[in-house]
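Enquirer: Take this structure, written in structure tokens, and hold onto it; I'll ask about it next.
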Amino acid sequence: MSMYGRDPWGGPLEINTADSATDDDRSRNLQDFDRAALSRPLDETQQSWLLGPGEQKKKKYVDLGCIIVSRKIFVWTVGTILVSAFLAGFITLIVKTVPRHHRSHAPPDNYTLALHKALMFFNAQRSGPLPKHNNVSWRGNSGMRDGLSDNSVNKNLVGGFYDAGDAIKFNFPASFAMTMLSWSVIEYSAKYEAAGELNHAKELIKWGSDYLLKTFNSSADTIDKIYAQVGEGDTSKGPTPNDHYCWVRPEDIDYPRKVYECHSCSDLAGEMAAALAAASIVFKDTKTYSQKLVHGAKTLYKYAREQRGRYSAQGTDPSLFYNSTSYWDEFLWGGAWLYYATGNSTYLQLATTRGLAKHAGAFWGGPDYGVLSWDNKLAGVQVLLSRLRLFLSPGYPYEDMLGTFHNQTNIIMCSYLPVFTSFNRTKGGLIQLNHGRPQPLQYVVNAAFLATLYSDYLEAADTPGWYCGPNFYSTEVLRDFAKTQIDYILGKNPRKMSYVVGFGNHYPKHVHHRGASIPKGRIRYNCKGGWKWRDSPRPNPNTLVGAMVAGPDKHDGFHDVRSNYNYTEPTLAGNAGLVAALVALSGEKSGIDKNTIFSAVPPMFPTPPPPPAPWKP
């Protein structure tokens with residue numbers, strides 16, 4: 001019997017049942033075949049087929065589930081990972097246990113070191129109840145009856161700053177000093193912050209501004225007087241106790257202090273308006289206080305414009321010490337600062353009025369052209385309004401005068417350079433901005449500040465320099481001028497003397513200053529009793545840290561003598577210019593804050609010029 005089926009390869013499939021073996025026979029035959037096959041040696045691959053999973057792992061391969069890898073590679077890989085982890089942990093342990101040596105920052109430059117000291121001078125000049133953190137150990141509360149001891153006034157005028165080595169409070173130079181400090185903070189707040197002095201500087205500005213607000217009715221819109229000065233210095237009337245005749249510590253003053261008030265003082269009111277307006281920008285984030293300052297500045301400027309006159313009338317005490325030559329520059333100065341503080345274009349119109357500029361001397365030059373001081377602010381106005389043109393360019397109708405001021409600023413900067421002969425220099429290199437007269441340093445520091453500031457303005461406006469006639473000068477030339485002048489003051493001069501007290505090893509020890517020259521103790525000296533300290537050849541018992549003295553003469557000579565104020569007396573206005581110049585030069589990088597001063601200025605859309613007159617045949 002046979003069965004046929006389909007062969008999958010196309011032929012018939014025949015199964016012969018007669019020849020087929022039983023299942024037992026087939027099993028027996030397979031066993032014989034297996035024994036025969038196993039009797040031959042197997043190669044490695046064949047052996048791996050026959051080994052179970054456990055036996056494979058014991059040999060040369062490792063089953064990782066998804067792949068089978070060589071045991072040798074597996075061992076090397078795991079070993080490498082373990083060794084690497086151990087080394088990483090060991091290194092981390094060493095790094096964490098070994099003391100860290102932080103990379104030290106570069107030491108402060110001389111300008112930053114001097115800046116710390118120069119600001120301390122203002123602490124020593126404070127009048128009134130001193131704050132706990134004043135940090136001048138030999139000073140105490142003083143002038144606690146100012147304004148109240150004058151029966152004709154009977155007003156609280158406690159506070160403010162003493163001007164110099166005496167205890168007189170002159171509003172005119174003190175206001176200029178506050179304006180300069182505020183200007184420097186507005187432009188260089190980042191540098192003050194880097195030096196750790198921003199809060200200190202703002203605190204000093206507020207101290208001065210608070211006092212100025214006391215000297216007139218700051219809450220009113222219209223005023224008719226200003227208390228211009230507390231104390232008296234005229235000694236021509238005989239041996240009457242006053243702030244120049246007596247040599248006593250401010251804390252020991254027991255004589256009545258006269259108050260001077262003025263009823264037509266455009267120069268003083270204009271400068272005070274500038275000071276309060278500039279301070280309002282410094283404190284713009286403290287809105288209530290900033291608005292108070294702006295209101296006071298507006299009131300003062302209105303008064304200055306309406307009640308024309310100089311505060312230092314002939315024969316008055318102010319005329320002997322801080323005589324103002326005109327008030328036209330204060331009209332420009334106050335108007336410019338009020339424009340920045342308010343954004344009101346009325347003030348800009350006044351500040352760019354050609355007639356006012358002409359009266360202020362903008363077009364006639366003169367020996368003091370370009371010299372910024374407590375009396376003449378024209379150079380400051382020219383630089384301040386050049387800033388407006390460089391960064392905002394308001395166009396018509398201001399462009400005419402703004403362009404003029406910008407050109408005049410370039411001329412002033414040229415006059416500072418040694419290649420020009422506008423100003424002489426000493427053999428040691430100090431520029432003679434006051435033409436050889438005494439007390440030169442107060443003018444030098446102001447020029448150094450303006451030069452550095454204008455250099456930074458140009459750089460911020462992507463302008464590499466400026467022209468002096470056909471010659472082009474880079475901004476670095478201006479910075480070099482400022483550095484050489486400030487370096488002279490800090491000790492690089494023929495006498496190798498620092499004219500900033502406490503800076504360096506060789507500085508004046510006989511500063512013309514009552515508080516610094518009389519030891520603090522239980523002994524209280526009367527008006528004439530302190531004369532022995534005035535005339536003593538010994539160094540001052542108290543160090544007036546940061547005070548910039550009046551400076552050397554035109555031959556680089558200097559006499560460290562207490563009785564000669566032309567050499568050894570410091571002033572508020574002088575130190576304010578020094579602080580401004582130092583902060584401008586301090587740090588590794590140059591640069592100003594371009595925008596803060598424009599905070600109140602609205603967006604500018606230049607007014608087109610009027611159309612031409614209609615054509616007539």
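Glycine residues also receive a Cβ, built from the backbone N, Cα and C atoms like all the rest.
Per TrEMBL, the features are:
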type: ACT_SITE; residues: His512; note: active site
type: ACT_SITE; residues: Asp560; note: active site
type: ACT_SITE; residues: Glu569; note: active site
type: DOMAIN; residues: 111-582; note: domain 'Glycoside hydrolase family 9'
type: REGION; residues: 1-26; note: region 'Disordered'
type: TRANSMEM; residues: 73-95; note: transmembrane segment
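In the displayed structure, how are the listed features positioned relative to their neighbours?
Expert: For His512 (active site), the Cβ neighbour count at a 10 Å cut-off comes to 26, with all displayed protein chains included.
Cβ neighbours of Asp560 (active site) (same chain, under 8 Å, six or more residues apart in sequence): Pro508, Lys509, His510, Tyr567, Thr568.
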Enquirer: Measuring Cα to Cα, how far is His512 (active site) from Glu569 (active site) in Å?
Expert: 5
Enquirer: Averaged over the domain 'Glycoside hydrolase family 9' (111-582), what pLDDT does the predicted model reach?
Expert: 97
Enquirer: Excluding near sequence neighbours, so keeping only residues 6 or more apart in the same chain, what lies with its CB under 8 A of Glu569 (active site)?
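Expert: Looking at Cβ-Cβ distances below 8 Å from Glu569 (active site), excluding near sequence neighbours, one finds Ala164, Gly165, Gln439, Val511, His512, His513, Val549, Ala550.
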